[in-house]
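Following: one structure in structure tokens, then a few remarks.
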Amino acid sequence: MALELAVDWRIDNILEAIILMLPAMIANATPVVAGGRRPVDMGVVLPDGRRLLGDGKTIEGLLAGFAAGSAAGVLAALASGNMLLAVHSPAIALGALAGDMAGSFVKRRLGIERGRPAPLLDQLDFYLGALAVSIALGYTWTPRVAVEAAAAVLLLHLAANITAYLLGLKKVPW
């Protein structure tokens, strides 16, 4: 008799989506608090004369975001009973951080300076990175929930940024 393992990795409600994206949201927010001095791009300037990413993406922030996002995933796994999230959360956290760096790359190529707004890109780049990683891990999302989760992440991101600005952790509220 063969042992069959049935795992439902379908994300079909907003609560599941928020729980799965918690490591991404924490990973994305942590570098703001962690700060850092050593830029991830090591000062590389591309042929367009602009930095690859800029001083806002630091090694310290990347490591802190990865650690905090991974830890948040373990806590979310314990709270939700989805122990697989504890295993997947480091990858989801890295996906979020990669998405955020991709957003910075795009902003630099468009000539948007560090700290200047790029509506939607600033709020959803990390979500798209984490979403891509979750799909690569085998999670399936209903289109409705993916859009609802994007809207929820957008609102949570805006609220977190305004709060960080009011607390003096960020220079701008976006």
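The backbone N, Cα and C atoms fix where each Cβ goes, glycine too.
Feature annotations, courtesy of Swiss-Prot:
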TRANSMEM  14-34  transmembrane segment
TRANSMEM  59-79  transmembrane segment
TRANSMEM  83-103  transmembrane segment
TRANSMEM  118-138  transmembrane segment
TRANSMEM  149-169  transmembrane segment
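With respect to Cβ pairs under 8 Å, the transmembrane segment (59-79) is most closely packed against 14-34, considering the stretches 14-34, 118-138, 149-169. Within the same chain, residues 9, 11, 20-21, 23-25, 27-28, 88, 91-100, 102-103, 106-107, 110, 112, 146, 149-150, 153-154, 157-158, 174 sit at least 6 positions outside the transmembrane segment (118-138) and bring their C-beta atoms closer than 8 Å to a C-beta of that stretch. Proximity of distant same-chain residues to the transmembrane segment (14-34), defined by a Cβ-Cβ separation under 8 Å and at least 6 residues beyond the stretch ends, is recorded for 57-58, 60-62, 64-73, 76, 79-80, 82, 85, 89-90, 92-97, 100, 126-127, 129-130, 134, 139, 141, 145-146, 148-149, 152-153, 156-157, 160, 164, 169-170.
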